[in-house]
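Structure first, commentary second.
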């Protein structure tokens with residue numbers, strides 16, 4: 001469905017294509033996405049309830065984990081229900097406002113999550129390398145300020161990205177994606193997309209580049225401190241406290257960077273592969289994060305068992 005280049009009326013709605021080339025399989029693909037979304041909601045709600053109900057977990061590491069769980073719930077809920085409606089009910093239409101809101105939540109809270117991961121790396125650095133002033137430096141008030149800073153930076157950087165959509169004139173309504181991803185919508189414009197492209201690359205590179213460098217520096221300092229420990233057991237225990245965080249970082253950054261840059265430069269990557277991976281990126285890390293932290297943190301695991309009344313006690 002095309003609009004002329006000389007039209008001054010933007011479409012009031014878009015049509016989501018889903019996964020190009022796999023339209024016949026949408027109905028069946030929806031089942032694993034529905035199952036993963038249910039696990040996302042269950043796992044992250046358990047984390048939030050356990051930390052809230054266990055006073056011993058009212059520590060910076062677990063407060064940051066609660067922020068991570070909340071962000072994961074927002075990211076999944078902003079995309080998966082509409083994706084399931086598209087796959088099961090063929091409800092492809094999405095209004096311009098809803099599309100812009102979905103884009104804002106996806107890109108904005110992805111940037112916020114990157115900031116929270118940086119704050120968690122800073123927490124691990126202080127706990128391991130500066131244990132004596134740790135409690136003073138990361139008081140609950142300081143944790144709240146770091147979380148607020150991550151939210152303000154992430155949403156502040158991504159707000160112009162969403163607002164830039166309103167200046168474009170669109171030649172098509174059909175979004176070749178399962179959700180309103182920024183570049184997938186920008187490609188529908190008749191022209192004048194250079195500001196959107198430049199700002200999108202700068203914002204993403206600024207967030208990911210700055211945060212990944214700071215995280216790498218934090219873990220380099222942690223590694224130096226750990227290698228200086230005389231006991232093998234102490235080194236193993238210290239590495240264990242960081243293992244879950246490193247796993248979450250890899251889950252977040254690796255597929256995210258692949259999806260971002262292949263959308264812009266990966267002309268040789270099959271479209272259905274890219275879109276399927278992009279869809280999974282918004283579900284798989286939020287599903288695995290509570291499992292990773294639950295397996296590595298005995299307090300969360302025990303609290304979850306008590307919450308679900310599986311504990312013999």
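Quick reminder: no glycine exception, Cβ is built from N, Cα and C everywhere.
Automated prediction, rather than curation, is the source of TrEMBL annotations.
Feature annotations, reproduced from TrEMBL:
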type     : residues : note
DOMAIN   : 43-293   : domain 'G-protein coupled receptors family 1 profile'
TRANSMEM : 27-50    : transmembrane segment
TRANSMEM : 62-88    : transmembrane segment
TRANSMEM : 94-122   : transmembrane segment
TRANSMEM : 198-227  : transmembrane segment
TRANSMEM : 239-261  : transmembrane segment
TRANSMEM : 273-293  : transmembrane segment
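Here the transmembrane segment (273-293) has Cβ contacts under 8 Å with residues 19-20, 22, 33, 36-37, 39-40, 43-44, 46-47, 65, 68-69, 72-73, 75-76, 79-80, 83, 106, 176-179, 181, 244, 247-248, 251-252, 255-256, 258-259, 262-263, 266, 300 of the same chain, all six or more residues outside its ends. Here the transmembrane segment (198-227) has Cβ contacts under 8 Å with residues 111, 114-115, 117-118, 121-122, 124-125, 128-129, 153-154, 157-158, 160-161, 164, 182-183, 186, 235, 238-239, 242, 246, 249, 253, 256-257, 260, 264 of the same chain, all six or more residues outside its ends.
Sequence-distant contacts of the transmembrane segment (27-50), counting only residues of its own chain at least 6 positions beyond either end whose CB sits under 8 Å from a CB of the stretch, comprise 19, 57, 65-66, 69-70, 72-73, 76, 80, 83-84, 87-88, 279, 283-284, 286-287, 289-291, 293-294, 300, 303-304, 307-308.
Beyond the ends of the transmembrane segment (239-261), by six or more residues, the same chain brings 68, 110, 113-114, 117, 120-121, 124, 127-128, 204, 208, 212, 215, 219, 222, 226, 274, 277-278, 280-281, 284-285, 288-289, 292-293, 295-297 to within a C-beta distance below 8 angstroms of the stretch.
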